[in-house]
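Asks: So that we are looking at the same thing, I have put the structure below in structure tokens.
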């Protein structure tokens, strides 16, 4: 029997040992990856029902914000379609409290709307043309977000703390967006969320150490539509609005009933209720109006007074798209595509009663008290209202703006006794509303719009957004909308129709192509050097093997060299072509574009649905998809935006 020398056995032994260690590290590495996700784990590779054409680049999934109580927030992020002069990210929040931002994603500003339970169509006027859009279900327990039972949060500062934690972790996953201009937008009870989050971000930036200055967040503005912001003025506006819109007639029994409820509301406000977000007696004013407008089993729609709905829903079955969203978001293939964690044990609901009933905000002051400080810090704010919304009506918004004091003046006062004028706004030849602005605050009234302005007027809302962001397509390209303020066009904005390219985008593609060829050229030089070295080494082995053809040299040490090499590189290619690396390549493109984009920071021109229902899951199901409203009690047994 032929013996094998130690010299010939050792390399084989080393190879086997190395293989074992690689196997062990592979197992350990996979377990680490399973615990700590990266951006590719969130990449949405397909979306059931998507329209024909290339899929928009998007990511979705959960981020943990409360380890102790298993609190996770769900997000859905869409990358901007086109390149503007700088990168911008808009974070959208719906209200409630406890109502999902998937309302905003699929009924308002997102790139898609549902034609039926399984078919998506493009949303003309979506907000993702020149800005990245990030939709977040929050607080914990809302929509696709989740938390352990009995661990729901109660106050606005808790909510803001969770959101800052979310952003810290989200930017770790997607660092290419951390230095974007950051905007927050939302509606209804988000009028409480957004100012609290903005203040938390400003406080975070102030407390950031010198060493971490590169991680300051560029908060650039807030947009709040039909927001629940200042309860004192907004509660009292119910009666005024009801008379103005002829929902009730003076002197009638119906009017007297509403006036009695209004008087009780004033008494509660005068008895310490002015610093609270909720006042039970005042919520009865809204309920009274809904009840007295009841006729033949129907009442006015509190979100759009031009419509009527079954009593006691009174608008909670609206908008019509809602009937498609719940079945779509409960489909297994959609849940899988959006990376919804298995820990989310219940199906998606528009509004979650348990979140609403727990989020009482008893110790939180109304967000209107935060606005002056935010405005004075240099953060512009746009408040916009749909004229046909009752629940957060424009009269209440206009009244609290008039009473609010900031930057040395009250309301839209330009100087003592001189008020900023209202500027008429027309869009494509139609009267669209008006603008009014002073000292960093802009107010926009949308004529003939409901509580959900972007649902009614997507392109007009996008025009408002582009003005606020300072997007001017003069140097970008595209077909501008005919949007005029007091007859003047001003900055050109491009809305709707999702153009395939813009002039600026073509320029950036040419730059990227040149950069790509430069990279290929460099990599070619490196490859030549590597090939030369490899050839020299290979030649050395051939020469050596010929000299030692009769011995037990290196050929005996690596008897399966060719097979090992082939197998190794084949496996490497397979891994490189995996989904994760495809996503990595996609992210490379985005980051390259970021470096090629202009950095012009020149300033541009000025630019609740609440859950009304019980705590139980059964009650949520009983009343169907609830809607945002800031009324967690004393309302018809259902809920709303």
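Every residue, even glycine, has its Cβ placed from backbone N, Cα and C.
Found this in Swiss-Prot, in case it helps:
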| type | residues | note |
| --- | --- | --- |
| ACT_SITE | 188 | active site |
| ACT_SITE | 389 | active site |
| ACT_SITE | 451 | active site |
| COMPBIAS | 494-504 | compositional bias 'Polar residues' |
| COMPBIAS | 594-604 | compositional bias 'Basic and acidic residues' |
| COMPBIAS | 631-641 | compositional bias 'Polar residues' |
| CARBOHYD | 207 | N-linked glycosylation site |
| CARBOHYD | 440 | N-linked glycosylation site |
| CARBOHYD | 448 | N-linked glycosylation site |
| CARBOHYD | 500 | N-linked glycosylation site |
| REGION | 487-506 | region 'Disordered' |
| REGION | 593-641 | region 'Disordered' |
| SIGNAL | 1-34 | signal peptide |
| TOPO_DOM | 35-522 | topological domain 'Lumenal' |
| TOPO_DOM | 544-641 | topological domain 'Cytoplasmic' |
| TRANSMEM | 523-543 | transmembrane segment |
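Looking at the shown structure, what environment does each listed feature sit in?
Replies: Of all Cβ atoms in the shown protein chains, 34 besides its own fall within 10 Å of the Cβ of residue 188 (active site).
Of all Cβ atoms in the protein chains displayed, 28 besides its own lie within 10 Å of the Cβ of residue 389 (active site).
All protein chains considered, the CB of residue 451 (active site) has 33 other CB atoms within 10 Å. For the recorded site, residue 451 (active site), the DSSP three-state label reads coil.
Around the Cβ of residue 207 (N-linked glycosylation site), 8 further Cβ atoms fall within 10 Å across all displayed protein chains.
Less than 8 angstroms from the CB of residue 440 (N-linked glycosylation site) sit 375, 376, 378, 379, 380, 381, 407, each of them six or more residues away in the same chain.
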Asks: Between the Cα atoms of residue 207 (N-linked glycosylation site) and residue 448 (N-linked glycosylation site), find the distance and write it as a whole number of Å.
Replies: 44
Asks: According to DSSP, does residue 188 (active site) sit in a helix, a strand, or coil?
Replies: strand
Asks: Find the one among the recorded positions 389, 448, 451 whose C-alpha lies closest to that of residue 188 (active site).
Replies: 451
Asks: Please report the Cα separation of residue 448 (N-linked glycosylation site) and residue 389 (active site) in Å, rounded to an integer.
Replies: 9
Asks: Rounded to a whole angstrom, what is the C-alpha distance between residue 451 (active site) and residue 389 (active site)?
Replies: 5
